[in-house]
Amino acid sequence: MKKIEKLTEKEMANIIGGKYYGNGVTCGKHSCSVDWGKATTCIINNGAMAWATGGHQGNHKC
């Protein structure tokens, strides 16, 4: 179970975040980083699905 706390707008303004693209890639304001374990899993799973379905599946976010 997760503990969730509601933040005020002032508290939200102090949070510096980035964007997670769902495939192991996360980008912030000035740079991006890759979780290679997650990225490798996505590449293998998407490749297998694309092969098994003749290219109709396999481009989903992991």
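Including glycine, each Cβ sits where the backbone N, Cα and C put it.
What you see is a predicted model, and the numbers here were worked out from it, not measured in a lab.
Under the heading disulfide bond, Swiss-Prot lists Cys27-Cys32 (among others). With a cut-off of 8 Å between CB atoms and residues at least 6 apart in sequence, the same chain places Gly18, Lys19, Tyr21, Ser33 near Cys27 (disulfide bond), listed in sequence order.
Marked as region 'Hydrophobic' by Swiss-Prot: 40-52. Secondary structure of the region 'Hydrophobic' (40-52), assigned with DSSP and counted as helix (H, G, I), strand (E, B) and coil, comes to 13 helix, 0 strand, 0 coil.
Marked as disulfide bond by Swiss-Prot on the basis of experimental evidence: Cys42-Cys62 (among others).
Across the region 'Hydrophobic' (40-52), the prediction's mean pLDDT works out to 88. Counting other Cβ atoms within 10 Å of each Cβ, the disulfide-bonded residues Cys42, Cys62 show the lowest value at Cys62. The 10 Å shell around the Cβ of Cys32 (disulfide bond) contains 11 further Cβ atoms across the protein chains shown.
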